[in-house]
Amino acid sequence: MSNKKADSKPQAKYPVNLLDTPFPMRGDLPKREPQWVKEWEERGIYDKIRAASQGRPKFILHDGPPYANGDIHLGHAVNKILKDIVVKSRNMAGFDAPYVPGWDCHGMPIEIQIEKQFGKSLPAAEVMSKARAYATEQIEKQKVGFKRLGVLGDWANPYKTMNFVNEAEEIRALGKIIEKGYVYRGLKPVNWCFDCGSALAEAEVEYKDRTDPTIDVMFAFAEPEKTAQAFGLPALPRADGGIVIWTTTPWTIPANQALNLHPEIVYALVDTERGLLIIAEERVEACMSDFKLTGRIIATTPGVKLANLRFHHPLASAHPGYKRTAPVYLGDYVTTDTGTGVVHSSPAYGIEDFMSCKAHGMTDSDFINPVMGDGRYIESLPLFGGLSIWDANPKIVDALNAAGSLLRSEKYTHSYMHCWRHKTPIIYRATSQWFAGMDVTPRDGGKTLRETALEGVDATAFYPSWGKQRLFSMIANRPDWTLSRQRQWGVPMAFFVHKETGELHPRTLELLEEVAKRVEQSGIEAWQSLDPRELIGDDANLYEKNRDTLDVWFDSGTTHWHVLRGSHKDQLQFPADLYLEGSDQHRGWFHSSLLTASMIDGRAPYKGLLTHGFTVDGEGRKMSKSLGNGIDPHEVANRLGAEIIRLWIASTDYSGELAISEEILKRVTEGYRRIRNTLRFLLANLSDFDFAQHAVPVDEWLEIDRYAVAFSQQLQTELLGHYEKYEFHPVVAKLQTYCSEDLGGFYLDVLKDRLYTSAADSRARRSAQTALYHLTHGLLRVLAPFLSFTAEEAWKVFQPASDTIFTETYYAYPEVAGSAALIDKWALLRDVRGNVTKALEEARTANRIGSSLQAEVTVHASGARYDALTSLGDDLKFVLITSAATVVKVDDEAQESVDVAASKYQKCERCWHYREDVGAHAEHPTLCGRCFSNLFENGEIRSAA
C-alpha cells in the first residue's frame with residue numbers, strides 16, 4: 001500500500017498488509033455445489049481428466065452396479081463417495097483411473113413394479129418394453145443424485161446390463177461356461193419364493209425371526225422283529241410305539257420319505273405310557289420332560305445298528321394315501337443339540353435330506369413333491385390338497401394328533417429364511433433347474449470351480465483383511481449355483497432343449513452365438529420373438545425353447561466380461577484393480593463375479609476387494625422407518641452441503657459401521673469450517689503474490705518457512721501412503737490436525753506478524769508467501785479427493801488459469817536441505833513453545849498480562865533445547881509471540897522453566913509489540929522502530945521467523 005493511500009484514510013495511517021480473497025468464509029455449500037456440478041458437466045471436466053491421464057499406468061475401480069429402482073439412499077452415498085475418493089486419489093497419484101458407473105437393470109423388482117402398474121396379464125413383449133422404460137427413468141433419477149454428491153465419472157456413457165451389447169455378451173459368457181463343462185440341469189432343492197414364483201440366489205435370502213409350530217411325532221414300528229434284534233432283544237416287550245422325530249416344519253410331514261440317524265449316536269428304547277419310543281439316549285431325560293411322560297430305558301444301540309429299519313408314516317391311519325414306510329438312513333449331520341436325535345427326511349424340501357436320499361439310491365422320479373410354485377399343495381394330496389402350506393400347518397398338527405402320532409406341539413420362534421424383496425418366508429423346494437457345479441471337473445480336466453475360486457480368494461488383497469476368511473468360508477461351503485430363474489425380464493438361457501429327454505441341442509454353442517448376434521441388434525426381445533425354425537429348422541419338432549432366464553447375479557457377476565472386456569473395453573481392462581462394495585457383497589457381487597471369472601478365466605476378476613460397513617444412527621442402531629432414524633443424503637446435501645456428507649464418510653472408519661446423526665453432522669461441519677478458514681487465510685495472504693515475480697529461492701527462505709515446507713512434505717508422504725491403502729479416516733484426521741494445530745495453531749500464527757507488518761515486497765514477507773504458495777498447492781491436492789467442491793472452489797481462486805484441480809497430480813514440493821534435522825529441531829521448539837503458551841495463559845488468568853505480546857519471557861533451557869532456542873536469535877520472540885524473549889542455560893531438564901513478566905514498555909499502534917523504541921521517531925510517537933523501518937526505510941532483517 002502506498003503512503004498516499006494511508007494519508008487519504010486516517011484510520012489506515014500506518015497500514016498493514018491485510019489482504020482479502022474472493023474465497024468466502026462461509027461455504028454456502030447447498031447453493032454453490034449445484035453450480036459446480038453444472039460447470040463440471042458443461043466444461044467436460046471428466047473428459048479433461050481422461051485426456052490429462054493418457055499414457056499413464058491404468059488403475060481400474062470397477063463399479064458394482066446399483067439396482068435401477070428407487071431413490072438413492074445413504075448407503076448409496078457412502079458407496080459412491082468412497083469410490084469417488086479412490087478414483088480421484090489414484091488419478092492424482094499419477095494413474096489413469098477412469099470411472100464408468102453402471103446399473104443392474106433386469107430382475108424381479110422391476111418386473112414387480114410393472115405388474116403393480118399394469119397388471120400381471122401383459123404380453124411378454126410389452127413387459128420388456130415397459131421394464132426398459134422404467135429402468136431408464138430410474139437410472140436418470142439416480143444419476144442426478146450421484147452427480148449432486150460430487151462424484152465424477154463417465155455419466156454420459158455408463159454401462160447398463162440391459163444394453164443390447166451387454167445382454168448379448170452375457171449370453172456369450174453363458175456359452176463359455178457351458179463349453180467348459182460347468183453347467184448341468186438337475187432336480188434339486190433350491191431357495192424358492194412363492195411370491196416371486198422363482199428360485200432365489202443365496203444373496204437374495206435374508207433371515208428374520210418367525211414363529212412356527214414345533215412338533216414331536218412318532219413313526220410307528222413297521223418291522224418290530226428287526227427292531228428288537230437291533231437292540232439285542234429277542235422281541236419287543238410291547239407292540240405299540242415307534243421312533244420319534246422333532247421338526248419345525250409340519251408342512252413337510254406329508255412328503256416324508258425317510259428318517260435320518262447318526263451312525264455313532266447311541267439310541268435308547270424307552271418304555272413309556274405312549275408305548276416304546278426310540279430317542280437318542282442323551283435326549284431321553286429332556287424329551288420325557290417335554291412329552292410329560294415317565295420312561296424307563298430298556299435297551300440301547302448305536303445308530304448304525306438301526307440302518308434300513310422301516311417305520312410307518314405317522315398319517316398312515318388317517319388316510320390310505322399315507323400307507324407307506326420310511327427307511328432309516330445314516331447321516332453325519334444329525335445332532336443331539338435339540339430334538340430327539342432323529343431327523344425326518346422330506347428330500348424335496350431339504351438339501352441334506354435330498355443328498356442323503358440320493359446317496360441311498362432314490363431317483364428324481366421317486367421324490368414326493370406336492371408343493372406347487374405358489375405355495376399350495378397339489379389338489380390330489382390326501383387331507384390337505386389345495387391348501388397353502390402355512391395354512392396347512394395347524395391342520396397337519398390336528399391330523400397327527402387324531403392319528404395318535406403327536407407327542408408334543410408348541411409354538412417356536414426361530415430365525416427363518418425370507419425373500420429379501422417380499423419379506424415373506426421361503427422354502428427349499430426341489431425343482432428342475434440349471435446349475436453351475438461347484439465340484440464338477442471341467443472338460444479340460446482342470447481344477448473344480450470351488451478349487452479355482454478358493455485360489456482366487458487367496459490371490460486377492462482384502463481391505464480390511466478379515467474379508468478374506470469370510471469369502472473363503474462362503475466359497476468353501478456353498479452349494480452349486482442355481483443359474484436359472486422362472487421370470488420374463490431377464491437375459492434368457494437361450495437353449496433349445498429336447499422335448500422328451502431334456503438334453504441340450506448338439507449345436508448349442510453355435511446356436512447361442514447366433515442368438516447373441518440377434519440380441520446385440522434387438523435386445524433380449526429377439527429371443528422372445530424368435531421362431532425356433534429360423535435357427536434349427538425341422539429340429540423344432542424335437543426341441544423347444546428354454547423359457548428360463550439367468551439369475552440377475554449372473555448379469556452383474558459377468559460385468560468383468562461384458563463391461564471390462566466388452567462395452568467399455570476402450571476405457572477399462574481386466575482384471576480390475578479394485579471392487580468396492582458393502583460387506584453384504586461377499587455373498588453377492590464379489591461372490592458371483594469370482595465364480596464366473598473362475599469358470600471363464602481360471603482367476604479372480606479383481607486384484608483387490610474393499611468392503612465398507614453399513615450406516616447406523618448415533619446409538620449404533622440400523623436405520624429404519626419404524627425407528628424414524630433414517631437420514632436422507634439429498635436432504636443433508638440441500639441443508640448442509642454434499643461436502644459435509646463427503647467429509648463425514650472420509651473421516652469415518654468405513655471398515656465397521658458408519659454412525660451418523662445430527663450431532664455427528666454438527667461436529668463434521670465444525671471440522672469443515674476449520675479447514676475452510678485455513679484455506680481462506682492461505683488464499684488471502686497470497687492474493688498479492690505472483691510466483692514468477694515474487695518467489696524467493698529455497699536457500700534464501702527464513703528457517704521456519706523451510707521447516708513448514710519440509711514438515712508438509714513429510715506429512716504428504718504419510719497421507720499418500722494412507723491413500724494408497726484406502727485408509728481415508730487417518731488422512732482426514734491428520735489434515736484436520738495439520739490445519740488446526742500445525743498451521744493455524746503454530747506456523748500461520750507465527751507468520752501473521754511477518755505477513756502483516758513486514759514491508760510488502762520484503763524478502764521476509766515474500767519468503768513466507770513462497771512457503772504458503774507451496775503449502776497451498778500441496779494442501780488443495782490432498783484435500784481434493786474428498787473435499788472436491790471446496791478444493792475446486794479454492795483452486796479456481798488460487799490458479800484461475802487452470803481448468804480444474806482434478807487434472808493435477810500430487811504436488812512435488814521443493815527439496816529442503818537437511819529437512820529431517822530441521823523437522824526434529826522445530827519439534828523441540830514447538831514443545832518449548834507449548835510450555836511458554838501454558839505459562840502465558842497462567843499469567844493472563846492471574847491478570848498479570850493481557851495479550852501474549854504484553855509479555856516478556858525468560859526460558860530456562862538445557863541441552864538441545866537451549867541450542868535450538870538460541871539459534872533463533874532475536875527472532876525467538878516472534879515464534880513465542882511475545883514482545884521479548886531471553887534464553888538462560890541450565891544444567892538439566894529438571895531445572896527448565898519459563899518466567900513471564902509484563903513489559904514495562906509502550907505498545908506499538910501498528911504491530912502491537914511492546915518495545916523500548918516506541919516513539920523513537922518524534923513525528924510517529926505511537927510507532928515502534930521496526931514498524932518505522934518497515935514502512936519508511938529498508939525494513940527489518942529477519943532470518944529465522
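In case you wondered, yes, glycine gets a Cβ from its N, Cα and C as well.
These numbers come from a predicted model, not from an experiment.
According to Swiss-Prot, the L-isoleucyl-5'-AMP binding site annotation covers E581, on the basis of sequence analysis. The feature ATP binding site is assigned by Swiss-Prot to K625. If you look up Swiss-Prot, you'll see C908, C911, C928, C931 marked as Zn(2+) binding site, on the strength of sequence analysis. Residues or ranges marked as motif ''HIGH' region' by Swiss-Prot: 66-76. Residues annotated as motif ''KMSKS' region' in Swiss-Prot: 622-626.
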Query raised in the report: For the motif ''KMSKS' region' (622-626), what are the same-chain contacts with Cβ under 8 Å, counting residues 6+ beyond its ends?
Result: 74, 614-616
Query raised in the report: Helix, strand or coil at E581 (L-isoleucyl-5'-AMP binding site), per DSSP?
Result: strand
Report summary line: Of the binding-site residues listed (C908, C911, C928), the greatest number of other CB atoms within 10 A surrounds the CB of C928
Query raised in the report: Taking the Cα atoms as reference points, how far is C908 (Zn(2+) binding site) from E581 (L-isoleucyl-5'-AMP binding site) in Å?
Result: 61
Query raised in the report: Relative to the Cβ of E581 (L-isoleucyl-5'-AMP binding site), which residues of the same chain, six or more apart in sequence, are found under 8 Å away?
Result: G64, N79, G588, W589, F590, L610, T611, H612
Requested in this report: Would you list, in sequence order, the residues of this chain other than C908, C911, C928, C931 that have their CB within 8 A of the centroid of the site's CB atoms, where the site is the one recorded for Zn(2+)?
Outcome: T757, E909, R910, W912, H913, R915, V918, L927, G929, R930, F932
Query raised in the report: Across all chains shown, how many C-beta atoms besides its own are within 10 angstroms of the C-beta of C931 (Zn(2+) binding site)?
Result: 27
Requested in this report: Could you break down the residues of the motif ''KMSKS' region' (622-626) into DSSP helix, strand and coil, giving a count for each?
Outcome: 0 helix, 1 strand, 4 coil
